[in-house]
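Take a look at the structure below.
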Amino acid sequence: MRGDGLGQAHQPGPCERHLLAAFRRGASLLRAAIIGVCGTFGLIATHGHAGEVLVPLIAAATAVPLVQAWHRDRAPRTFVAADVLVAVGLGLAELTQPYEQVAGGWVLAAVSITAAACRFERPDRPLASVGIAAAAITSYLAAAVIAEGSAPMPETVHLMAQTVLAWVAMSLLRRAARLCDALIDHVAQRRATAAAAKARHAADRAHLAMLHDTASTTFLMVSTESGDEFPWLRAQAARDLDLLAPQTAASDHDVDLATLLRSLRGQHGLQVDVVAPDRLVLPARPALAILHGAREGLTNVRRHSGDTRPRLSAREQDGTVLVELVDRGCGFDPATVPAHRQGLSSSIRARAADAGLRAEVRSAIGAGTSVTWTWSRD
């Protein structure tokens with residue numbers, strides 16, 4: 001895009017774009033209003049003096065910015081030429097004023113708003129703005145010299161100062177909009193960085209949870225079980241390697257949850273009663289979350305409950321999959337579980353939530369424990 005007079009060309013941000021759009025339309029409407037009102041009252045005050053010239057001029061000077069407010073981009077060069085002609089016409093209108101109106105009156109107001117507003121109307125075309133302002137001021141001063149014989153110094157200073165101050169104000173406002181855009185970009189970058197860090201943290205947590213549910217649990221059993229338990233531990237270690245393989249961890253295909261749950265029979269030295277349909281196909285993510293949670297639950301059963309025959313059931317009803325692990329052991333009080341216990345808090349509840357599941361743990365001292373996973377296909 002074109003340069004803006006503030007430095008190298010750049011692509012405006014959202015704040016600057018909205019500000020420039022408001023400048024373009026607002027300045028055109030303001031110019032039309034001031035020229036129309038001041039010109040009308042000027043004609044009334046002079047009893048229609050030179051009305052045959054001024055009425056068409058005032059009408060054109062009012063209509064051009066009104067049309068530009070909505071259609072400037074359709075013919076930008078045509079509108080620049082029209083504004084130059086209108087500016088010259090308004091300046092030379094000083095020649096039509098009665099003697100007492102020279103160097104003042106509505107013509108000065110019309111020239112002032114034309115010179116000041118043109119930069120707001122064309123913030124991306126500084127040369128066009130300079131040309132329009134120069135045409136308005138030069139023609140006005142030339143007409144005043146012809147009418148009075150010399151340039152009116154107060155009005156000259158007024159026009160120059162007002163135009164410069166208006167343009168400086170526009171530049172400052174535009175710089176402020178750029179600062180807002182820079183701040184928005186900075187905040188967006190920080191949010192993106194934080195989101196990336198959060199994603200990495202979640203991935204690390206998932207990886208640690210996977211290690212906790214697979215290899216670390218198996219290693220613990222290897223270190224504590226007797227030799228005759230090793231055959232199923234070897235099979236368990238093989239399954240752990242499969243789960244830890246990158247292609248399996250990244251998989252998003254459907255899996256048979258019933259088969260996964262039946263693989264838990266006889267593990268951990270328990271005789272798990274698995275009740276499930278022949279096939280229960282789920283997406284891999286919720287299915288693996290249920291599998292890992294069930295394995296963690298069975299680990300807790302073996303280590304804490306005293307029940308060697310827990311029941312693991314799965315069924316689907318009306319699009320909702322329900323998996324329940326129940327033991328008839330000693331139970332516990334959930335309110336007294338320490339916050340640092342990884343198994344109950346992370347492997348079951350947190351992972352279930354991450355996979356779109358709802359996990360519920362119910363237990364009471366002396367009444368056993370049940371863990372329920374619920375997943376909906378909707």
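Cβ atoms here come from the backbone N, Cα and C positions, even for glycine.
Automatic prediction, not curation, is the source of TrEMBL annotations.
Database features, via TrEMBL:
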TRANSMEM  29-47  transmembrane segment
TRANSMEM  53-71  transmembrane segment
TRANSMEM  127-147  transmembrane segment
TRANSMEM  159-177  transmembrane segment
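Taking Cβ pairs closer than 8 Å, the transmembrane segment (127-147) reaches residues 80, 83-84, 87-95, 97, 99, 102-103, 107-108, 111, 114-116, 118-119, 121, 155-156, 159-160, 163, 167 in its own chain, all 6 or more past its ends.
Long-range neighbours of the transmembrane segment (29-47) within the same chain, counting only residues 6 or more positions beyond its ends whose Cβ lies under 8 Å from a Cβ of the stretch, are 54-55, 57-58, 61-66, 69, 90, 97-98, 101, 105-107, 109-110, 113-114, 117, 121.
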